[in-house]
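Trainee: Pulled from Swiss-Prot, these are the listed features:
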- GLY37, PRO38, SER39, GLY40, CYS41, GLY42, LYS43, SER44: ATP binding site (BINDING)
- 4-235: domain 'ABC transporter' (DOMAIN)
Amino acid sequence: MAKLSLRNVQKTYAGGTQVVHGIDMEIADGEFIVIVGPSGCGKSTLLRMVAGLETITGGEIHIGDKVVNDLEPAARDIAMVFQNYALYPHMSVYDNMAYGLKIRGMSKGEIEQRVKHAAGILELASLLDRKPRALSGGQRQRVAMGRAIVREPSVFLFDEPLSNLDAKLRVQMRLELKDLHRRLKTTSLYVTHDQVEAMTLADRMMVLNGGRVEQIGTPLEVYARPASTFVAGFIGSPPMNLVPVARNGSGQGVAQMRVQPKDGQAAATLGHLPMGLHLPEQALMGLRPEHIEPCAVHEAIAELDVRVVEALGADSFAYGSLGGQPIVVRLDSQTQVRAGDKLPITASAEHLHFFDVQSGKRIEAQA
């Protein structure tokens with residue numbers, strides 16, 4: 001195991017197109033880091049640079065105390081698990097897992113010990129004689145992981161390893177990956193576009209957008225205090241509501257703002273905001289659907305014009321608008337709302353977020 005350091009890491013292709021912009025991160029020995037972002041944000045490129053499959057055009061990558069920029073992949077003491085299993089179809093599970101060790105000239109006894117140990121961890125012991133065609137998708141992915149585990153690397157690299165699995169298998173494999181890391185405690189770098197994988201697997205996560213770091217933090221930190229409107233809209237399902245607001249004065253310790261109207265709608269005033277804060281003159285106000293609560297009319301910060309209600313069993317989502325701006329609210333199964341209703345809503349101070357209108361960066365409301 002080893003720590004991993006990314007220091008001002010950059011990637012620019014011929015022609016001047018820069019796809020990774022000066023990324024810095026210190027990853028502790030044994031830490032599980034998830035790089036998450038939309039397609040094309042540079043996350044797989046960054047992972048491939050760590051692996052040695054892409055050249056680095058700026059900065060340094062350290063594995064342990066060694067700068068690995070110019071080292072071949074085989075010399076970096078890493079093991080990589082890809083989205084495609086890349087198993088040899090003519091080889092058994094045992095031989096697929098053992099092949100890399102044979103190439104390295106390891107003794108037969110050591111190979112057998114490592115393969116059987118990994119097979120035990122991954123519940124593959126009864127499948128070692130089977131060919132890949134006789135395995136399910138989840139079993140094939142476990143073989144691919146086993147092939148990485150037997151190398152006993154300093155760092156595991158995962159490039160969207162669950163993307164080819166169906167929804168049920170992805171849930172199962174997420175749990176198995178979490179348990180696997182708990183037991184092995186190997187430094188891991190995991191790439192995904194799936195925020196659920198990021199939230200459930202990561203010790204810390206890096207949110208990438210356009211090759212730049214938007215935020216690094218624990219899943220709870222990123223969820224509770226998004227650093228930008230991009231993070232607020234990317235992490236969370238449904239994403240955070242973002243509403244343009246303008247200051248409307250304050251008095252007696254209670255702030256007021258109005259929603260900037262859309263499509264000729266009348267402005268909606270947000271009254272009784274539960275805080276006496278110096279708020280910006282204009283901002284984007286963020287509020288997660290699960291942090292908006294129905295309430296009595298006299299306690300409401302606003303009334304939502306309900307347009308559509310989706311009932312999902314344990315809870316439901318009410319889609320509506322304030323001043324023409326779209327808002328979604330998560331409701332429990334006991335709250336009965338129908339399309340066309342006006343729903344009085346409120347929210348507590350700690351769940352209100354404000355972002356700069358121009359930059360999208362988080363701003364703190366000052367007491």
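These residue numbers are counts, starting from 1, taken along the chain as shown.
Cβ atoms here come from the backbone N, Cα and C positions, even for glycine.
Distances, neighbours, how buried they are, the whole picture for these features please.
Mentor: Of all Cβ atoms in the protein chains displayed, 26 besides its own lie within 10 Å of the Cβ of LYS43 (ATP binding site).
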Trainee: For the domain 'ABC transporter' (4-235), what is the mean per-residue pLDDT, to the nearest integer?
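Mentor: A mean pLDDT of 94 is what the model gives the domain 'ABC transporter' (4-235).
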Trainee: Could you check what DSSP calls SER39 (ATP binding site) once collapsed to helix, strand or coil?
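Mentor: In three-state terms, SER39 (ATP binding site) counts as coil.
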Trainee: Please report the number of other Cβ atoms within 10 Å of the Cβ of SER44 (ATP binding site).
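Mentor: Other Cβ atoms found within 10 Å: 20.
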Trainee: Look up SER44 (ATP binding site) in the DSSP assignment and report helix, strand or coil.
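Mentor: Assignment for SER44 (ATP binding site) reads helix.
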Trainee: Starting from the Cβ centroid of GLY37, PRO38, SER39, GLY40, CYS41, GLY42, LYS43, SER44, which together make up the recorded ATP site, report each further residue of the same chain whose Cβ lies within 8 Å of that point, ordered by sequence.
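Mentor: Near the ATP site, beyond GLY37, PRO38, SER39, GLY40, CYS41, GLY42, LYS43, SER44, sit HIS193, LEU208.
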Trainee: Around the C-beta of CYS41 (ATP binding site), how many further C-beta atoms are within 10 angstroms, looking at every protein chain?
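Mentor: The Cβ of CYS41 (ATP binding site) has 22 Cβ neighbours within 10 Å.
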